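Among the features that Swiss-Prot reports, topological domain 'Cytoplasmic' is placed at 1-42. Look at Swiss-Prot and you will find 43-67 tagged as transmembrane segment. The domain 'N-acetyltransferase' annotation in Swiss-Prot covers 62-217, and the record cites sequence analysis as its basis. The topological domain 'Lumenal' annotation in Swiss-Prot covers 68-222. Taken from Swiss-Prot, the feature N6-acetyllysine covers Lys99.
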Amino acid sequence: MVSYHICEYQDSDYKSVVDVFTKGAEEYIPSTFRHLLLLPRTLLLLLGVSLALVLVSGSWLLAVVCIFFLLPFLWFLAGQPWKNYVSKCLHTDMADITKSYLSDRGSGFWVAESGEQVVGTVGALPVKEPPSGRKQLQLFHLAVSSQHRGQGIAKALVRTVLQFARDQGYTDVVLETSTMQIGAVTLYLGMGFQKTGQYFPSMLWRLVGIRFVQLNYSFPSA
């Protein structure tokens, strides 16, 4: 097994961090496309368009050709939520990681390195308006490069955030992830996180039928 270590982010890591984060998000486009194709409303759309064309033109061939033309549009639709998410992050908190995550003692950003290469990332920021009596830290951007999965890196990064939160006196660590990221949800639940809710963050996510799951880890002493 390849060795790795976790350390605090440095500005020299930026390009590698963006690469790991972007690839980690966009790798869900194919599975989102398959998920979208199997949604009842998508199947009804494809069937409805096909039948309408057959009734109007009398040609099944035209109907089949039309479906093949619709598939690229559905692929585009499946990719838009992920691309928009990446773009939003790169223009907000990840535009300047040092400023966003390392300018305050209550936040942090870490990378996992293997052979002097960044292979994993995770960040954490305090929740601005936590529930009364709670001090919450939100976990962001957990990602591990595809070549280095199955080595416990993601779990180690989450543990780094949990230990940081405990040391800083937080009562909870919260996060959001999508229902499409099954491996991530399984990881969090296995580490003691609890589901607290789910929702569609935008109309685009609703169109592709993917919800965001909200999870919470409360420290026993809290």
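Backbone N, Cα and C define each Cβ position, glycine as well.
Within its own chain, the topological domain 'Cytoplasmic' (1-42) has Cβ neighbours under 8 Å at 74-75, 77-79, 81-83, 85-86, 89-90, 94, 97-98, 101-102, 108-115, 117-121, 141, 143-146, 148, 151, 153, 156-157, 160, 178, 180-181, 208-210, counting only residues six or more beyond its boundaries. Here the Cβ of the residue listed as 'N6-acetyllysine' has 10 other Cβ atoms within 10 Å, regardless of which shown protein chain they belong to.
Per-residue confidence over the domain 'N-acetyltransferase' (62-217) averages out at a pLDDT of 95.
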